[in-house]
């Protein structure tokens, strides 16, 4: 056990190191080697000898795929091109979860892309759940500095035992640091990687005001450059089998100073929601929140009800049901 723990610590160090580099330093896995179809039948189509996968949503079903292995920490990445035109109610997700194994106390690390009406931009949402704590949402929402339906862009998750970092085109956009006060609310159980497209009309666009219009179907999301660089876990013995190859190129540790500046600039310009400042949901910020007076003031100007007075109103709703439940319903 001691050797396994030391291997895990070494792997976590290497994961942080890889986070500072482009995924081109890591092997891109052909679909059949790392993944399997999850649902959707013919709505999942493999292209370019397994190097690209198209997921589509139509009036019959959405679609998705799942990694063969469970992972405890690692670097997970995909280049994604989202559907164009009218996409209200559509959600494309790239995420990790163990909801199939731990139904009452599951963990999740989410990238969710929320569609919109014509002329309005896609929004990107990140979220973290642990121990089934879906009643405590840790959502953040952002715009992007590009149109994600025009071309492929890289989205990455770095997960270690003490920190989770979300990246867009190698720019860190969010860090979640484990604190003692979080208790079990930090993902720490093995998870599988998923990619899906599905109908989330009930909540995805303006709290369900705008729904999927299948006149514009099929909605197609393209996934390529799939990277699974993690600590694989035996599903029976629940023992991590870490990649301890110390001959790997030495890369600077963690988020570089230049990347941190980019992250701060991104959040100043593009963040439109953070649970840490939501006075409608939480009377006081959760324990891990690091409050920035500048962020608080900017969000208060953007939405004075949610981030200012804290008075209840009839407005946008936040999702509290688990994705696995909703996706399962949408696939029938």
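Here the Cβ of each residue, glycine as well, is placed from N, Cα and C on the backbone.
Copied over from TrEMBL:
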- 21-223: domain 'GH16' (DOMAIN)
- 108: active site, nucleophile (ACT_SITE)
- 112: active site, proton donor (ACT_SITE)
- 307-332: region 'Disordered' (REGION)
*Segment confidence, the domain 'GH16' (21-223), expressed as mean pLDDT*: 94
*Tell me, how many other CB atoms lie within 10 A of the CB of the residue listed as 'active site, nucleophile', whichever protein chain they belong to?*
24
